[in-house]
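According to Swiss-Prot, the protein carries these features:
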- CYS43: S-palmitoyl cysteine (LIPID)
- CYS46: S-palmitoyl cysteine (LIPID)
- 95-162: region 'Disordered' (REGION)
- SER111: phosphoserine (MOD_RES)
- SER120: phosphoserine (MOD_RES)
- LYS148: ubiquitin cross-link (CROSSLNK)
- SER154: phosphoserine (MOD_RES)
- SER160: phosphoserine (MOD_RES)
- ASN234, PRO235, HIS236, THR266, GLU298, GLY324, SER325, GLY326, ARG392, ARG398, ASP589, GLY590, GLU591: ATP binding site (BINDING)
- ASP293: active site, proton donor/acceptor (ACT_SITE)
- SER451: phosphoserine (MOD_RES)
- SER454: phosphoserine (MOD_RES)
- SER455: phosphoserine (MOD_RES)
- SER460: phosphoserine (MOD_RES)
Amino acid sequence: MVVQKKLRAILTDEGVLIKSQSHHMFNKHGQLRSGDSLSLLSCLSCLDDGTLSSDGGSFDEDDSLELLPLNTTIPFNRILNAKYVNVGQKGFNNGKISSNPFQTENLSSSSENDDVENHSLSNDKAPVSESQSFPKKDKWDTKTNTVKVSPDDSQDNSPSLGIKDNQQLIELTFAVPKGHDVIPQKLTLLIDHVSRKSRANTGEENISSGTVEEILEKSYENSKRNRSILVIINPHGGKGTAKNLFLTKARPILVESGCKIEIAYTKYARHAIDIAKDLDISKYDTIACASGDGIPYEVINGLYRRPDRVDAFNKLAVTQLPCGSGNAMSISCHWTNNPSYAALCLVKSIETRIDLMCCSQPSYMNEWPRLSFLSQTYGVIAESDINTEFIRWMGPVRFNLGVAFNIIQGKKYPCEVFVKYAAKSKKELKVHFLENKDKNKGCLTFEPNPSPNSSPDLLSKNNINNSTKDELSPNFLNEDNFKLKYPMTEPVPRDWEKMDSELTDNLTIFYTGKMPYIAKDTKFFPAALPADGTIDLVITDARIPVTRMTPILLSLDKGSHVLEPEVIHSKILAYKIIPKVESGLFSVDGEKFPLEPLQVEIMPMLCKTLLRNGRYIDTEFESM
């Protein structure tokens, strides 16, 4: 096959534009269906983990996907990797292109050695991009004639193949849909290289880097390439599927994007605390918890107990690959409950600092206070979370059943509550939210930014606001950041307010948190912000009739429950709660805590994590 029949492409500001001279995407009946090209373009540029549905916009099982449609743009946010192909190497039949150079290679299969208890995975390839959602299509061709070459191969512009001086033969790895997941695929392209200066025509100095490096730079613009990741897996967590979910769905994306991976499996309760406390932080820049929310809690507290905790929190980003029964961190930070899409967001996001909360109780305050990244709760929610552990195999539905049961019983949990307010009324809270919602915005933008001459579906600009540049410096934290402003050993400060005893003696729900979602479809804190220096507080009492409580609970998926007049919703800096019951518990990040006075305060910007677009998932609170 001659070179002119190979897929040819042009590097543009939006991505790699397919400009094959003689090939189009036909179905088996020889026709390019109306809407196919636009549908694929849309699905390549979006970032949701749902499936695309539109009139004529999805592919039937009979359709051939060996070729991309003419004028398809593979956006930079879809590209995972790129490398030069040496056309003289084995696989090109001594300089002749393979019989079908257009086929894509399915890279989602796991290694046969995946059941090793502790192993290291590394990939030398340079990485490239991020992504979002695709049409419902399972039968991407898994046969391949793609050339297997090492990443350091240089291009061979062989005259016999008709490759011109301004063209490079490049193997592109990018993310494509398969069912409900995203998987890496490879495609070999003959790319016409046009310099930045020539394309932009801005007069700026021309950078003489190669085409591959330019693709990588634009695909990972403002994000970290080649991450060194410690993946911690609880193989028995949730429904017991965490290991398989990571190996089959998340790992292929991480490996093909050039990440170096080591895997550690937890072997006993709270093992992740010990792993984080003892690990060599010089080997990693990211800890990815392939689990529910319990492992991130343990990792954060393990790092907190290190003698070099300042260095640990300055260097390491802690994130989640959703593989457990509760995946609030991934839903809030990566905007998805799907491990493959979360992995894609992981490699594309910029490190962002978020607030933590420090919890103190008499039984452990002289040992180590506990850090919390998600929430603390007392009352119905705590009982429903912890006391349904025996049916954890049911997944998130266990929590809903527990809440409904306790509400119907009309349980109340008397206590005393002292609060340091930041925004007491709902009106003050809304003002605070609007003033602070973009305070920490400064990370990679995945969403399209339309220009007058481009279709909004095809664009994926990676803009950054420099307001957080200093905040993300390597030495942002020092030991002072870990000192408590309100030690529990001291009396309650005078500027704290004691909540009305008529409310607290009839308390049903006491819930404080820092992330908008506490579980899938449970948007409990819609006004939560990553680093606004406050904790969200939600309270209800047992005097609310069941006829009113029912619609409140049914609106948790929308987050509109906080608008109901019976629901107290505030922003606070610290609080102390003193239970008046003899039996019960607290739940902190889903972990059982003793029933004794609990004091909590905000710890501003203590932890690095990875946020898609530099912010939490949009809860639409602004428009509520």
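A Cβ is built for glycine as well, from the same backbone N, Cα and C atoms used for every other residue.
Remark: ASP589 (ATP binding site) has ASP293, GLY294, PRO296, TYR297, SER372, PHE373, LEU374, SER375, GLN376 as non-local neighbours, by Cβ distance under 8 Å and separation of at least 6 in sequence. Each of the recorded positions ASP293, GLU591 was scored by the number of other CB atoms within 10 A of its CB, and the lowest score belongs to GLU591. Note on SER325 (ATP binding site): other Cβ atoms within 10 Å of its Cβ, all shown chains, come to 25. Around GLU298 (ATP binding site), the same-chain residues at least 6 positions away in sequence with a Cβ under 8 Å from its Cβ are ARG270, HIS271, ALA272, ILE273, ALA276. Taking the Cβ of HIS236 (ATP binding site) as reference, no residue of its chain lies under 8 Å away while being at least six apart in sequence. All protein chains included, ASN234 (ATP binding site) registers 24 other Cβ atoms within 10 Å of its own Cβ.
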